[in-house]
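Novice: Pulled these features from TrEMBL for this protein:
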type     : residues : note
TRANSMEM : 32-53    : transmembrane segment
TRANSMEM : 73-95    : transmembrane segment
TRANSMEM : 136-156  : transmembrane segment
TRANSMEM : 168-190  : transmembrane segment
TRANSMEM : 239-260  : transmembrane segment
TRANSMEM : 288-310  : transmembrane segment
TRANSMEM : 350-371  : transmembrane segment
TRANSMEM : 391-413  : transmembrane segment
REGION   : 431-466  : region 'Disordered'
Amino acid sequence: MSDDGNRSNPWHWYEHEVGLVGETARACARALAAFLIGLGCSFVMILGVGILAEEDLLGDPGLEEAIDHLSRLGLGVLMAFALVAWGASAVAGFAREVTTSRALVKAAARGASRYDVPSPEQVESVTRAPAQHLTFFGWVNAAVAGLVAVIGLIVVVGEGNETEGLPIFWYSLSYAVVMAAVAFAGRMWLDPAQERRRKLIAAHWSVEDEGKAWRPALRANKKGSGKKSLFGSSIAGRFIYAAAGLWLLSFVVLQAALVMRCGKVPGRGNTECEEITYSSFIEQILAAGFWIFVVLLPLAAILAVTGVLLDWKQRRSERAELRAMLENPHSPRPAEHLLGYHARRRMHPLALVTAAMSGTGLVFSTAAYLLGLGWGLGSQDVFAGFRTEAVIAMGISVGLFVAALLGTGIANVRGRELRNALMLRWPTPPSWSAGKDGKVPRAKRGPALHGSRDVKVGRHANSDQN
């Protein structure tokens with residue numbers, strides 16, 4: 001007999017359809033998170049290459065000057081993209097929670113079966129304050145823009161420079177008012193509207209319904225079948241961890257080669273380079289620091305891509321195996337880490353890498369294009385001849401993001417049937433981890449439609465301890 005744990009209990013978790021807008025919002029939220037990772041990688045690259053150019057380590061003054069200008073303008077472009085991506089991520093997160101609650105309200109109004117209890121992931125979306133990040137984004141931007149407006153006003157009043165001060169003041173003040181209105185609306189109207197929808201959903205699925213849907217998952221969790229870890233011992237995980245280690249080592253060696261050569265000259269208030277010598281082994285490492293960086297950085301990228309491809313292949317094989325087990329009524333319960341992974345929405349590893357690449361590509365291609373237009377500190381003559389290539393690179397980067405967005409959305413829509421089948425036959429509770437406040441979303445621990453949003457579990461507690 002199969003270890004279904006759900007034969008005599010018709011209540012089960014069920015992922016209800018959320019519609020095109022809801023799926024798009026979910027895909028956008030995940031793609032933008034990967035995009036921000038790409039921006040972070042761009043920052044590291046700008047920092048590393050900028051140091052090489054600043055320290056005259058490239059051996060070509062013209063090249064060093066061009067790279068220095070590209071790095072400086074690229075940092076400004078990166079900050080602009082980060083601001084836009086942050087705001088878009090807050091909007092996408094808000095849309096994700098709202099579309100989920102509205103979809104469940106419609107399902108309840110259509111008379112959805114009480115046995116089809118919304119999945120913990122959907123319950124978490126319903127019980128979460130949807131405008132929380134949007135409100136924080138609004139207040140932070142309002143505060144910064146208000147400070148800039150004050151500076152513009154000081155320029156006008158203190159120096160009498162209305163030509164520069166007044167535009168800064170009015171643009172900044174207008175932006176601050178808009179952002180404050182967004183933050184105020186999130187707290188006063190958007191979050192309360194979500195709470196009203198939660199009550200409608202809770203009126204259809206009672207706390208008893210939720211409890212009965214959770215019962216098989218908690219029972220299976222107490223049995224402790226399978227391992228909890230996802231990445232730790234897999235070959236793909238080892239490649240990714242090795243890539244992270246090499247990436248970190250490459251920058252440590254580069255920084256050592258730049259910094260450890262110089263010491264502070266006695267009796268002076270500034271730091272000037274007084275060459276220091278070390279033992280032969282350290283001298284060899286410092287001398288080859290730049291080339292170690294050049295070799296290890298692409299090697300880390302190759303290992304990371306290899307790890308992602310191996311993970312993709314592994315997960316596809318696991319899905320095929322799970323489908324075969326579902327077709328066999330006598331199949332035993334699969335390992336918990338497999339169920340925990342495939343019964344939840346995930347971003348495809350290739351989509352994650354693609355979205356991250358789009359962020360990195362957009363930063364450097366946009367900076368190169370703007371330098372070619374003369375918007376930077378110099379090197380216009382160098383980059384003017386590459387404006388066409390920069391536009392093509394920007395188009396490719398945008399295409400990569402769109403591909404990641406579509407791929408994530410399509411994969412999640414196509415995987416809904418498998419997720420529902422797994423939650424019906426072998427439900428497994430979601431993993432969770434508490435922070436310093438010791439709280440986790442109640443939806444990750446048990447029935448949550450009728451209780452408070454969070455539950456106290458203890459500082460740094462996690463699901464593996466229970």
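Each Cβ is built from the backbone N, Cα and C atoms, and glycine gets one as well.
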Novice: As a quick check of your reading of DSSP, tell me how many residues in the region 'Disordered' (431-466) are helical, how many are strand and how many are coil.
Specialist: 6 helix, 8 strand, 22 coil
Novice: So, taking each listed stretch (32-53, 136-156, 168-190) in turn and counting its Cβ pairs to the transmembrane segment (350-371) that are under 8 angstroms, which one gives the highest count?
Specialist: 32-53
Novice: Could you give the residue numbers and ranges of same-chain residues that sit at least 6 residues beyond the transmembrane segment (391-413) on either side and whose C-beta is under 8 angstroms from one of its C-beta atoms?
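Specialist: Counting only partners 6 or more residues beyond its ends, the transmembrane segment (391-413) has Cβ contacts under 8 Å with 23-24, 26-28, 30-31, 34-35, 345-348, 350-352, 354-355, 357-359, 361-362, 364-366, 368-369.
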